[in-house]
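S.K.: One structure, as structure tokens, below. Some questions next.
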Amino acid sequence: MNLLSQTLCLCLVLALSHAHHHAGHQGGEDEGHEGHDHGHHAGVLLDRCQGIEMDAVAVTEEGIPYFFKGGHVFKGFHGKAELSNQSFAELDDHHHLGHVDAAFLMHFPDKPTEHDHIFFMLDTKVFSFYKHQLETGFPKDISEVFPGIPDHLDAAVVCPAPDCEEDAVIFFKGDEIYHYNVKTKKVEEKKFEGMPNCTSAFRFMEHYYCFHGHQFSKFDPKTGEVHGRYPKEARDYFMKCSKFGDTTDHIERERCSRVHLDAITSDDAGNIYAFRGHHFLEQDAGNDTWAADTIESDFKELHSEVDATFSYENHLYMVKDDKVYVYKVGEPHTHLDGYPKALKEVLGVDGPIDAAFVCQDHHIAHVIKGQTVYDVDLKASPPVPVKEGSFTLFNKVDAAMCGPEGVKLFKGNHYFHFQSVKVMLMAKAIPEEHKTALELFGCDH
């Protein structure tokens, strides 16, 4: 029976499996390695915030991380699970997909026949997909495509030079590590003494992460050395989850999370507020340190999940769905009577919107919806949105803010700086990308 088409009772509760998926898997329980769960998940509502151990992780050619669990895939850092065969149909057609052992994106521009192909390892076979289509001749035996690499792998990750000595793929099986030279096809076996056995691994923002259970460690791909305070909780940094434990360092999590921001703004005094999921970060003007708390603690009417925010005349305007909430800045912030009001009433546009910002000393709210930017005169009543222009550099942005240095647009894990709104709208090329966690929040890992 096709595993993806099995129907299970929706009342089943997903339990973490502590079973190893192949014989001889060593040291897993000592290191917190729970093993791949190859259970039949069709019909079961998977919730990544419950501490699921992923089978494999791969970053697509668009830069979106795909987290695989059983016959499902989570795309990006938040959102519900989808059936894997909806994106990679031939996996199921050829193999009755119940799991993925390992996955990686081969990203080497000088190898055009394999560049931007996603490889999946399932038991003894390897599948190669390009733009979600299975390449002719696949699946093949792993030993044929990657000679010297064993079957039934745990994880794999691409390691381009100079991260590794030469362009390579690192394969993991238990505590055995194989460096596969992409050019020469030679295999070097290594021992990563200080690192747990990886159940999945991936390269993201030029760092290497080994997942074990629902924890992860950042490691040196050449030596396997793990520096800093690891392991860390994967739900803190790679998933958009509300609070799930009492041991979480909320400040470090929010500063260093790889999940995109929902909204960001700075008030008239220069204090910065950044919102993500159920939490927000705040940095007081003239202070380099950040504080973190739940949105509900300071903005209880919102609860969580802010779509956009901007500051105007010492008030914070917070957009959630088709409503606008307004707070007077202070200790504590005061929710104004009469709010929330309809977004259409306050800004003259229909929701949802992606971002909004007001530049200093101005009374024009710039509202971003898709690729369109509307200008709204906040002194006019009723508000009349005027289409200021469109930008084609991005199909969508996550957040935006304006300050003395210009406009920052946030997309994914990066932000992009423009000297002014006019420059942003006239830009023909994407400017230099900046890492949000590192360059804005000062996270060092």
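A Cβ is built for glycine as well, from the same backbone N, Cα and C atoms used for every other residue.
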S.K.: In TrEMBL, Cys159 is disulphide-linked to which residue out of Cys164, Cys198?
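M.R.: Checking TrEMBL, the candidate bonded to Cys159 through a disulfide is Cys164.
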S.K.: Over all shown protein chains, what is the count of other CB atoms within 10 A of the CB belonging to Cys359 (disulfide bond)?
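M.R.: Other Cβ atoms found within 10 Å: 18.
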S.K.: Give the distance between the Cα atoms of Cys402 (disulfide bond) and Cys49 (disulfide bond), rounded to the nearest whole Å.
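M.R.: The separation of the Cα atoms works out to 33 Å.
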S.K.: Can you give me the average pLDDT across the repeat 'Hemopexin' (196-241), rounded to a whole number?
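M.R.: Taking every residue in the repeat 'Hemopexin' (196-241) and averaging pLDDT yields 87.
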S.K.: Ranked by the number of other Cβ atoms within 10 Å of their own Cβ, which of the disulfide-bonded residues Cys49, Cys210 ranks first?
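M.R.: Answer by Cβ density within 10 Å: Cys210.
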S.K.: Among all chains shown, work out which of the disulfide-bonded residues Cys159, Cys164, Cys198, Cys402 has the most CB atoms within 10 A of its CB.
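M.R.: Sorting the candidates by Cβ neighbours within 10 Å, the top entry is Cys198.
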S.K.: Can you grab the distance from Cys198 (disulfide bond) over to Cys164 (disulfide bond)? Cα atoms, rounded to a whole Å.
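M.R.: Approximately 18 Å lies between the Cα of Cys198 (disulfide bond) and that of Cys164 (disulfide bond).
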